[in-house]
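Asker: The structure's right below; bear with me while I get my questions together.
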Amino acid sequence: MEKRILGLDPGLAILGFGAITCTPGLTQLQSTKVNVLDFGVIKTSADIEIGQRLCTLFDDLHTVIDQLQPDVVAIEKLFFYRMSSTIVVAQARGVVMLALAQHHLPYVEFTPAQIKLALTGYGNADKSEVQEAVARELDLAEIPRPDDAADALAVALTAWYQM
């Protein structure tokens, strides 16, 4: 049975999304087929008041969910680096959680180290190694752009590997 997984890389300025379809083989000898359904970003302008930016994320994420019809959503967990950046990302994550709740969608969360480990076998891999693994695993000619979309596909793949 096909499974649709939507990966999300939350952010206020740019929220990356990447959706994959996973179809298990009929027998143990047949491998799972994983395909890219869609990927991209939702952007908000720094010139707009933060409340309106959050509304834009919310509305646009609803549109993405309605179009892609995921079975499960995978989200990158919040990474603490600078307090001001962490607060802004936490606000965007709150909007994401609200949208998922309104769609009655189950979700899983992964730390950056878990994602790196799942895709490269090394929890301290750098961004380029993860992006190359995404392109290789999904049989893409190029690394998905922008980076936020590639990161979201990495989150979706991690969810698939954990199922």
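Note that Cβ sites are derived from N, Cα and C of the backbone, with glycine treated the same way.
In case it's useful when we look at the structure, here is the feature table from Swiss-Prot:
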- ASP9: active site (ACT_SITE)
- GLU76: active site (ACT_SITE)
- ASP148: active site (ACT_SITE)
- ASP9, ASP148: Mg(2+) 1 binding site (BINDING)
- GLU76: Mg(2+) 2 binding site (BINDING)
Asker: For ASP148 (active site), write down the residues of its own chain that are at least 6 apart in sequence and whose Cβ falls under 8 Å from its Cβ; none is a fine answer.
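Answerer: Result: ASP9, GLY11, ILE14, LEU15, GLY16, VAL41.
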Asker: Would you count the other CB atoms within 10 A of the CB of GLU76 (active site), including those on all shown protein chains?
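Answerer: So the number of other Cβ atoms within 10 Å of GLU76 (active site) is 24.
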Asker: Would you count the other CB atoms within 10 A of the CB of ASP9 (active site), including those on all shown protein chains?
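Answerer: Excluding its own Cβ, ASP9 (active site) sees 25 Cβ atoms within 10 Å.
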